[in-house]
Structures are given as structure tokens and as C-alpha cells.
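Engineer: Annotations for this protein, taken from Swiss-Prot, read as follows:
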ACT_SITE  Asp131  active site
BINDING   Leu78, Cys79, His80, Met116, Glu117  substrate binding site
Amino acid sequence: MSDGQKLTHIDASGEAHMVDVGDKAETVRVAVAEGFVKMKPETLALIRDGNAKKGDVIGTARLAGIMAAKQTANLIPLCHPLMLTKVAVDITEDTGLPGLRVEAMVKLSGKTGVEMEALTAVSIACLTIYDMAKAADKGMEIVNIRLLEKSGGKSGDFRRQES
């Protein structure tokens, strides 16, 4: 494994530790992640029409994703607590699944990236959709949660290339 591929959360003795970012330069960091909730067409219609028993599925899931991004350091042991400057969660209908596509964009000016915050936002938004619609469709699937892009920081930019 080259230095560029070294696991940063593992020290020389193989123990997990929180990375010291104190000497790193502050840069603007942005990460975008996505995930999907596949469901029956009838369940998608129920959500679209605002008829889910628990209320506004999309609005609630959007808020849950935003809240989750802000709590990432409390959920993932070695993540730094961050002062996020922007979290946006967009949930759109994808009739091809059928289901919902969840995208989260997280931004800050700081010393460490926000990939985990974007992925956490997507994960919790998807789980919230499942929770709020499970009475209608227990067979829903949460799929393809992944980082789409990140910018800023020493490791440079990343953009997922689709084949």
C-alpha cells in the first residue's frame, strides 16, 4: 500500500486513533452522496400524494438527513465534530426504480473532509423514508449509498465515474 493509500485512522502499532488535523490548512470542503429507496409503485404514489399514515415522508426525511449530518461525530467513533456551513438534502422521485433518490451535499471551511457527513445524511434520510412508509411496504430496499464527489483538502478532488 502506498503512502497515498495508507489508512489514516490506524497508528504504527495497528491501533485505531483519531487523526490529528491541527496542523492542516483550512480549505473549503464539499461532499455529495446519494442513495436510493426502492419500493412498490403504490407506495411511491402514497408518498407522492401525501397519504402516508405518518405524515410528510419527504419533508421529514429531508430534516432527518440534515440533523444526521450534524450528528455524525456522535455516531461514527473517529469522526471529528465539525462546524458545517451547509447541508442540503434533496429527495426526488425515480419512477424507474420505482422509488426515491436521496442526495446530500455538505460543505464547510475546515481541516477535514465532510464525506462521512454526506453519507450519514443520505443513510438516515433513507432509513427515515423506510420507517415512515413501512406500514405500506415492508419490502422496500435501501440501495447504492455512495459518495459521488468530494473537493478540497490534501487528498484532492474525487468524482465518481459511471461506466
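Yeah, the Cβs are placed from backbone N, Cα and C, and that goes for glycine too.
Describe the structural context of each listed feature in the structure shown, including burial, neighbouring residues and relevant distances.
Structural biologist: Taking Cβ-Cβ distances under 8 Å and a sequence separation of 6 or more, the neighbours of Asp131 (active site) in its chain are Lys54.
Summarising the environment of Leu78 (substrate binding site), the number of other Cβ atoms within 10 Å of its Cβ, over all protein chains shown, is 13.
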Engineer: Neighbourhood of the substrate site (Leu78, Cys79, His80, Met116, Glu117): other residues with Cβ within 8 Å of the Cβ centroid, in order?
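Structural biologist: These residues sit around the substrate site: Thr72, Ala73, Ile76, Leu82, Thr112.
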Engineer: Which residues in the same chain, at least 6 apart in sequence, have a Cβ under 8 Å from the Cβ of Cys79 (substrate binding site)?
Structural biologist: Thr72, Ala73, Met116, Glu117
Engineer: Looking at Cβ-Cβ distances, which residues of the chain lie under 8 angstroms from His80 (substrate binding site) while being 6 or more apart from it?
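Structural biologist: Residues satisfying the criterion: Met18, Val19, Val21, Ala73, Thr112.
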